[in-house]
């Protein structure tokens, strides 16, 4: 891991992309491919470099076993994280709501003052327990429960969650970038995604257009970012390719991924760069 580059990375996100919240050690950050010690070092560096620059640092502390999750949760609390988040374990999987909540509760209780988010990402974990079901009575079992990082295309489940959340006590941060506008329409109140590293400015303009409301302008932004993603998905798009795009857009060396992932090809980089440069974004007011 390359700690010295994080200072430059923070400044780039804040100054160039108007992104002031980060989610550390998640999917794009290859958190599950890192050792516990590496994850702690990264969390500390983001907290250190983000001080007085970032509004929120949420640290993902999920792992395949409970003791590591608990250790990472205690560490995140000790360094002052603004929130922690946990995926469902995905080798030995929880098979129902009660098993999943029991696991999450054991992690959250190690950081009793820190807002807790469930990281729902069934395409990668294979845990398809509906979030709407999970929410019933969750505050009684996890008092710090703050919301969900919802990385699934099931907008019906998301809409049911938001319908249940009439008091607005929970936050729903949507994680499928190419569908963000649809999620906003049903009531998502934030987003966590990989494209916001390099399309953060455009996504913020989409959020502003949606809030106005200027739906036609918001659609333009979503359609254009979708056009780019549709193009790169056909080429073969994942974490390694995201790092390559962020490197050529920002000029910050994001480095190679860790095995079993392998570097993006030079052909991918050439084509993705040309496509991104060809997009004409709406002029901001």
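Using the three backbone atoms N, Cα and C, a Cβ is placed for every residue, glycine included.
TrEMBL: automatically predicted annotations, no manual curation.
Source: prediction; values computed, not measured.
Feature annotations, reproduced from TrEMBL:
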- 28, 192: pyruvate binding site (BINDING)
- 119: active site, proton donor/acceptor (ACT_SITE)
- 149: active site, schiff-base intermediate with substrate (ACT_SITE)
Query raised in the report: Using C-alpha atoms, which one of the recorded positions 28, 119, 192 comes nearest to the residue listed as 'active site, schiff-base intermediate with substrate'?
Result: 119
Requested in this report: Take the C-alpha atoms of residue 28 (pyruvate binding site) and residue 119 (active site, proton donor/acceptor) and report the distance between them in angstrom, rounded.
Outcome: 13
Query raised in the report: What residues, ordered by sequence, lie under 8 A Cβ-to-Cβ from residue 192 (pyruvate binding site) and sit at least six positions away in the same chain?
Result: 23, 26, 58, 149, 151, 173, 174, 175
**Report entry** CB contacts for residue 149 (active site, schiff-base intermediate with substrate) [other CB atoms within 10 A, all chains]
**Finding:** 27
